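Enquirer: My questions all concern the structure below.
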Amino acid sequence: MNILIFGPPGSGKSTHSRRIIEKYNLEYIASGDIIRAEINKGNALGREMKKYIEKGDLLPDTVINTLVLSRLRKKRENFIIDGYPRTAEQVLALENFLYDHGIRIKLAIDIFISKEESITRISGRRICRQCGAVYHIKYNPSKVPGKCDICGGEVIQREDDTPEIVSRRYDIYINNMEPIIKFYKGQGVYVQINGHGGIEEVWERIRPLLDYIWNREKKKEEFE
């Protein structure tokens, strides 16, 4: 089962992605994690990428395509890609790669929230510096303040989580999504999920859909 998951800043897509990979044993390919790992290398490319991220801008398509598709080459089935593709050009690059390797996307989940909700959520968001686990000081705090429940790493606020940058990132996301939605609707795999509400509430909107797709794919395998 190969899945794409989208959502504006603060939509909870990374939180729900982690639930999905645990429940269905999928490989997690997160564009944000890949970008941060490259930035942390401190090389020329990483420094240039950091400039885009600090302003809330998207990376050039050629850069993010290379990074994500290089990661995807290591795991070509049973994956979830978080936060990619983000532009029409990225869709084209991804779909060409998938076609060349005989891979199909089974589900494209778009978790939608309003700009106001996005800014509210992001202002309280905290990220584990080591493993990337996501917390929120109000809705989903770590058990020990400043310490990750999963790996014990330091939990921090990201530099690009200010209201001004979040607002810009939200607008860029919405403005770029139309051709992506159109394409995956045409493929019959696009589903928009109402992302407002608590984590469990939103999860219960996602889970039945995933169970259906998972069971359908398992039945197909039995007859192959």
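Glycine is treated like the rest: Cβ placed from N, Cα and C.
Below are the features listed in Swiss-Prot for this protein:
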type    : residues                                                                             : note
BINDING : Gly10, Ser11, Gly12, Lys13, Ser14, Thr15, Arg125, Val134, Tyr135, Gly197             : ATP binding site
REGION  : 30-59                                                                                : region 'NMP'
BINDING : Ser31, Arg36, Asp57, Leu58, Leu59, Gly83, Tyr84, Pro85, Arg86, Gln90, Arg158, Arg169 : AMP binding site
REGION  : 124-161                                                                              : region 'LID'
BINDING : Cys128, Cys131, Cys148, Cys151                                                       : Zn(2+) binding site
Enquirer: Could you tally the C-beta atoms, other than its own, that fall within 10 angstroms of the C-beta of Asp57 (AMP binding site)?
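Expert: Asp57 (AMP binding site): 13 neighbouring Cβ atoms within 10 Å.
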Enquirer: Counting only residues 6+ away from its ends, which parts of the chain sit with a Cβ under 8 Å from the region 'LID' (124-161)?
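Expert: Contacts of the region 'LID' (124-161) (Cβ under 8 Å, skipping residues fewer than 6 from its ends): 10, 14-15, 18, 30, 32-33, 36, 53-54, 56, 169, 198-199.
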Enquirer: Through the lens of DSSP with three states only, how would you label Ser31 (AMP binding site)?
Expert: helix
Enquirer: Summarise the model confidence on the region 'NMP' (30-59) as a single mean pLDDT, whole number.
Expert: 90
Enquirer: Please report how many Å separate the Cα atom of Tyr135 (ATP binding site) from that of Leu59 (AMP binding site), as a whole number.
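Expert: Given the Cα positions, Tyr135 (ATP binding site) is 25 Å from Leu59 (AMP binding site).
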Enquirer: Rounded to a whole number, how many Å is the Cα of Cys151 (Zn(2+) binding site) away from the Cα of Leu59 (AMP binding site)?
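Expert: Here the two Cα atoms lie 29 Å apart.
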Enquirer: Which one is it, among the binding-site residues Leu59, Cys131, Cys148, Arg158, that lies nearest to Arg125 (ATP binding site) by Cα separation?
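Expert: If we rank Leu59, Cys131, Cys148, Arg158 by Cα distance to Arg125 (ATP binding site), first place goes to Arg158.
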Enquirer: In angstrom units, rounded to an integer, how far apart are the Cα atoms of Arg158 (AMP binding site) and Cys131 (Zn(2+) binding site)?
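Expert: On Cα coordinates alone, these residues lie 14 Å apart.
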Enquirer: Relative to the Cβ of Gly10 (ATP binding site), which residues of the same chain, six or more apart in sequence, are found under 8 Å away?
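Expert: Gly10 (ATP binding site) has long-range Cβ partners Ile113, Glu117, Ser118, Ile119, Thr120, Arg121, Ile122, Arg125, Val166.
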Enquirer: So around the Zn(2+) site, Cys128, Cys131, Cys148, Cys151 aside, which residues have their CB within 8 A of the centroid of those CB atoms?
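Expert: Near the Zn(2+) site, the remaining chain residues are Arg129, Gln130, Gly132, Ala133, Asp149, Ile150, Gly152, Gly153, Val155.
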Enquirer: Nearest to Cys148 (Zn(2+) binding site) by Cα, among Ser14, Ser31, Asp57, Leu59 (binding-site residues)?
Expert: Ser14
Enquirer: When you put Gly12 (ATP binding site) at the centre and draw a 10 Å sphere around its Cα, which of the binding-site residues Ser31, Asp57, Tyr84, Arg86, Cys128, Cys131 have their Cα inside it?
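Expert: Cα filter at 10 Å returns nothing.
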Enquirer: Can you check which residues sit near Cys131 (Zn(2+) binding site), meaning Cβ under 8 Å from its Cβ, same chain, 6 or more apart in sequence, and list them in order?
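Expert: Counting only residues 6 or more apart in sequence, the Cβ neighbours of Cys131 (Zn(2+) binding site) under 8 Å are Cys148, Ile150, Cys151, Gly153.
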Enquirer: I need the CA-to-CA distance for Cys128 (Zn(2+) binding site) versus Ser14 (ATP binding site), whole Å please.
Expert: 12
